[in-house]
Amino acid sequence: MCERSKERLTKIRKKRKEEGEKEERKKRNRRSKRRMCERRSKKKLGNKKEEEGGGKEEEEER
């Protein structure tokens, strides 16, 4: 009985550990996705501002 209970406990602990690692990976992936989206949106905003600013300057020069 003792050996069986030990085996069960080790299996349960192993499963919990694996599930915890999966959750951590998911969290990391979510964070990295957020960062990538933020970077993209900042780049897009920067490009739009440059385009708008560049267009205004050209009009003023004429």
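Glycine residues also receive a Cβ, built from the backbone N, Cα and C atoms like all the rest.
The feature compositional bias 'Basic and acidic residues' is assigned by TrEMBL to 1-10 (among others).
Per TrEMBL, region 'Disordered' is recorded for 1-62.
Residues or ranges marked as compositional bias 'Basic and acidic residues' by TrEMBL: 17-26 (among others).
Broken down by DSSP into helix, strand and coil, the compositional bias 'Basic residues' (27-46) contains 20 helix, 0 strand, 0 coil. Taken from TrEMBL, the feature compositional bias 'Basic residues' covers 27-46.
Per TrEMBL, the feature compositional bias 'Basic and acidic residues' maps to 47-56 (among others).
Helix, strand and coil content of the compositional bias 'Basic and acidic residues' (1-10), in residues and according to DSSP, is 9 helix, 0 strand, 1 coil.
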